[in-house]
Number of protein chains: 2
Amino acid sequence: MKKEIMSPAMKTEGKGVKVFYGEYVNEDYLFGYISRIIYGESGLQNIYILEHKFWGRLLFINNNLQFTSRDEFVYHEALVHIPIQSAPEGFIKRVLICGGGDFGAAREALKYPSVQEVIIVDIDPKIPKLVREYFPELLPEDPEDKRLKLITEDAYVIVNQYLQEEKTFDLIIIDSTDPDIGETTQELSHALFGVDFHAKLKKICPTGIIVQQCGTPFTMKNILTGVYRIYKEVYPEEEIYIYRANVPSFGSDNAFIMKCPFKNPQFPKGIELSNTRYYTFEIHQASFALPKFWKEALEL
Amino acid sequence: MKKEIMSPAMKTEGKGVKVFYGEYVNEDYLFGYISRIIYGESGLQNIYILEHKFWGRLLFINNNLQFTSRDEFVYHEALVHIPIQSAPEGFIKRVLICGGGDFGAAREALKYPSVQEVIIVDIDPKIPKLVREYFPELLPEDPEDKRLKLITEDAYVIVNQYLQEEKTFDLIIIDSTDPDIGETTQELSHALFGVDFHAKLKKICPTGIIVQQCGTPFTMKNILTGVYRIYKEVYPEEEIYIYRANVPSFGSDNAFIMKCPFKNPQFPKGIELSNTRYYTFEIHQASFALPKFWKEALEL
């Protein structure tokens with residue numbers, strides 16, 4: 001099934017197949033890139049990497065944009081720094097990332113010296129491999145950082161294992177692809193988006209923070225409302241918070257849901273890092289302000 | 001030059017030419033709409049209206065999206081309520097809108113009973129006409145509102161006239177199309193984006209607020225940095241504020257620059273209206289928090 005589009009010679013010259021590549025964002029609405037495909041593979045997952053004049057490199061899985069080298073920092077900083085800074089200074093020591101095989105979330109978490117362990121569990125062995133070759137900037141500052149461990153496995157399986165071992169975490173990050181939901185009435189089927197999975201996470205993260213990315217609600221509202229419903233089933237309602245970040249290549253604002261047992265997470269509690277490009281304490285606080293139409297959709 | 005694409009019969013049936021319509025957002029990057037063109041005209045300005053499954057109706061001028069019926073409220077509420085609420089309760093009585101022939105900004109300003117006069121000065125007589133026919137939801141709640149006046153003229157000319165008449169305003173809104181700037185080094189040429197124009201505005205709005213929309217900086221940074229430079233030349237630096245709003249159909253966050261003589265504009269000072277869909281006092285405050293990379297680009 002695998003078909004590499006480029007020969008090694010073409011790679012060296014920075015060439016590939018020049019195409020108009022369209023990503024469907026909603027029905028009859030797409031983002032179009034006139035671009036070269038520098039890596040392509042069809043199989044269980046369809047993976048394409050484009051090299052683009054404005055965005056730099058873009059990674060698509062199953063025709064969903066995962067990130068671009070130009071603005072991935074916004075997504076990863078929002079995903080990681082907001083939960084870490086919502087906890088008391090130094091509280092977050094052990095971090096589990098479900099998905100996140102692109103290393104971006106791990107790179108951000110490892111910026112904190114107080115973080116002692118970061119485990120990435122990603123089902124797809126190809127993503128880390130492709131990132132090492134095509135997106136080295138997503139790797140941690142020290143790629144050999146001893147605190148980092150990458151496990152190639154279904155996160156569901158590993159979480160079960162930790163449950164038996166009674167291993168716990170201070171922060172769990174669900175950094176997965178968006179579930180494949182078309183119409184607004186369809187159920188969330190992806191395992192990492194279910195009540196079962198969260199019930200287990202709650203047990204291995206009993207006193208910490210559990211954060212999940214929820215796509216861009218304006219164009220795919222059912223992810224946010226669906227995950228919010230699941231969070232309300234599993235976690236105490238007063239510990240659930242929603243925040244947002246504008247990742248330019250995603251179009252409209254991306255949503256994140258967080259179970260956080262610490263009061264007033266909108267006020268950062270740690271020490272502000274200097275090595276960020278999006279995140280500041282001012283942005284932290286502002287991220288929790290939601291447009292009125294979001295609140296109405298969520299019945300907040 | 002004018003060529004209406006639809007016959008009246010087609011209009012009634014909600015039909016038109018079905019096309020893939022692409023809007024260039026940056027080099028080799030475009031937003032694509034598989035959609036029907038329900039109004040088309042090429043001439044001094046190229047105007048197209050699409051009818052789209054997700055976005056509703058979209059208005060394009062010279063292949064730049066002006067607004068969609070699905071999310072124009074975000075842009076117009078951010079453009080109008082943030083400056084009005086930055087001033088003391090009841091301060092804004094006379095409002096001048098340069099551009100804004102689509103009525104959206106006027107609709108928002110007229111929601112305040114304390115506003116006594118709203119003047120729209122738009123150079124293009126076709127926009128109000130098309131809005132009345134295709135986007136009636138942009139009209140003020142009372143379309144016959146006696147406080148509203150529409151002048152079809154170049155705003156530059158009218159501002160000169162007010163200057164001679166010594167007529168003054170409490171709020172001036174520059175709600176224009178983005179200037180046509182391609183490369184980052186090119187100068188801002190559009191008359192409504194110049195130092196001259198602002199020097200005149202300052203005189204007819206000596207104690208009030210002057211706000212200008214500045215496009216989406218991530219994909220067209222030079223508009224924001226260019227307008228900011230102009231503001232700094234004309235207005236006291238400590239009275240200049242930048243804020244943002246995510247208008248989903250624009251992609252990344254839209255920027256707005258405001259000259260505001262009132263301290264701490266991030267704290268709203270009036271009474272919160274109930275008839276908004278995006279704006280709240282929480283959103284007001286959050287709008288002033290800028291991503292770190294914006295601040296760096298602006299040397300803030």
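Just so it is clear, glycine is given a Cβ too, placed from its N, Cα and C backbone atoms.
Unlike curated records, TrEMBL annotations are generated automatically.
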Exercise for review: Please state which member of B:HIS76, B:HIS81, B:HIS198 TrEMBL lists alongside B:ASP102, B:ASP175, B:SER176, B:THR177, B:ASP178 for binding spermidine.
Suggested key: B:HIS76
**Study point:** Between B:THR177 (spermidine binding site) and B:GLN45 (S-methyl-5'-thioadenosine binding site): CA-CA distance (Å)
**Key:** 12
Point to revise | Reported mean pLDDT - the domain 'PABS' (B:18-261) | key: 92
Exercise for review: Counting other Cβ atoms within 10 Å, pick out the least crowded of the binding-site residues B:GLN45, B:SER176, B:THR177.
Suggested key: B:GLN45
**Study point:** Span of the S-methyl-5'-thioadenosine site, taken as the largest CA to CA distance across B:GLN45, B:ASP122, B:ASP154, B:ALA155 (Å, rounded to a whole number)
**Key:** 17
Point to revise | Between B:HIS76 (spermidine binding site) and B:ASP175 (active site, proton acceptor): CA-CA distance (Å) | key: 9
Check your understanding: Using C-alpha atoms, which one of the binding-site residues B:ASP122, B:ASP154, B:ALA155 comes nearest to B:HIS76 (spermidine binding site)?
Key -> B:ASP122
Revision key, fill the gap. Quick note, B:ASP154 (S-methyl-5'-thioadenosine binding site) and B:SER176 (spermidine binding site): C-alpha atoms separated, nearest Å, by 11
Check your understanding: 10 Å Cβ neighbour count around B:ALA155 (S-methyl-5'-thioadenosine binding site)?
Key -> 25
Practice item. Please find which two of B:HIS76, B:ASP102, B:ASP175, B:SER176, B:THR177, B:ASP178 have the most distant C-alpha atoms, given that the record lists them as binding spermidine, and give only that distance in angstrom, rounded to a whole number. Key: 15
